[in-house]
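> Provided herewith is a single structure, encoded as structure tokens, for subsequent inquiry.
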């Protein structure tokens, strides 16, 4: 009897050992799989181009956009015209452009009560936009877009209006890339890259949205911080006394020294290089950053772009203490250029993946 009990206990122990080994193997497998998922958090101030990068990733690494989404983007692009026209109407007043009497009523409505046009249906909106574009004062203002603020996609909308403002119009990938909407809340996409899974998380950059960022800080592999090079002459809507570039630098500093992000890789995207290069010809960087004048001593205005990029890059890189062994990887980008983003994001992921593998002892 005792011998039978001992044998039974031995069989039971062997079965438990086998179950435990299986559990350990499964846990190890899950840990290995977790290491193959890389979480990248997109941070930066509002209007820096973060959401454009997310759209590029959808085009490059997922199935792009479905029909329902394209319908939404069609309407979004039409509302983008309304938003641009508000700033053009303000520009007409600012530049004191002559407004013929028959154009005055609609120009005033765009300047002072444009939000009511956002309630128009698509057909009404197309008619309204098309009418406004025929105005002589609007055409005059469009010759001076560098002299007052307009949203970044305004020139694109004006150039593509004959195609976009048609009843049968359906947005192209380029149109979707240029569509603008403020990001609120948290948006995530998942895609495969070099045998790894990438979780790319985009959060709103406006000041009111930033308090939500901390909820996304768990298990982050890298911070992809996006700045707009062309914002050096702009000020926050929430606080017109604060320069957008200064705000972006201080925000970057706060993230770089955040205790929850101390082990993360930091990648800096100096974005909107095309708009920046164009703007430099009309709006001197030294007007807002007098120290830049030192960089201009031996170069011409036409050659200042490279120096200007380096100047702004240094302002961000200097948040790191000289003795620190942490790294900031910087890239100059144009988020609306798919090939540029494909190349730069690929290089970024290679850096992050290599660091992840090193941490896991897999290299």
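Glycine residues also receive a Cβ, built from the backbone N, Cα and C atoms like all the rest.
Remember, TrEMBL labels are computer predictions, not curated facts.
Heads up, here are the entries from TrEMBL:
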type	residues	note
BINDING	51, 183	Mg(2+) binding site
BINDING	202, 203, 204, 205, 206, 271, 272, 273, 274, 335	GTP binding site
> Just to be sure I understand the packing, how many Cβ atoms besides its own are within 10 Å of the Cβ of residue 51 (Mg(2+) binding site)?
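For residue 51 (Mg(2+) binding site), the 10 Å Cβ neighbour count is 21.
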> Rank the binding-site residues 202, 274 by the number of other Cβ atoms within 10 Å of each Cβ, and give the residue at the low end.
274
> Once near-sequence residues are set aside, which residues in the chain of residue 272 (GTP binding site), 6 or more away, have Cβ atoms under 8 Å from its Cβ?
48, 49, 152, 228, 229, 230, 231, 334, 335
> Ten-angstrom check, please: count other Cβ atoms within 10 Å of the Cβ of residue 204 (GTP binding site), all chains counted.
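By my count, 19.
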> Which of the three DSSP states, helix, strand or coil, fits residue 274 (GTP binding site)?
helix
> Nearest by CA distance to residue 51 (Mg(2+) binding site): which of the binding-site residues is it, out of 202, 204, 274?
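Its closest listed neighbour, by Cα, is 202.
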> Distance check, please: Cα of residue 274 (GTP binding site) against Cα of residue 183 (Mg(2+) binding site), rounded to an integer number of angstrom.
23
> Let me know the DSSP-derived helix, strand or coil state of residue 51 (Mg(2+) binding site), please.
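The three-state answer is helix.
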> Please give me the CB contact count at 10 A for residue 183 (Mg(2+) binding site), counting all chains in the structure.
18
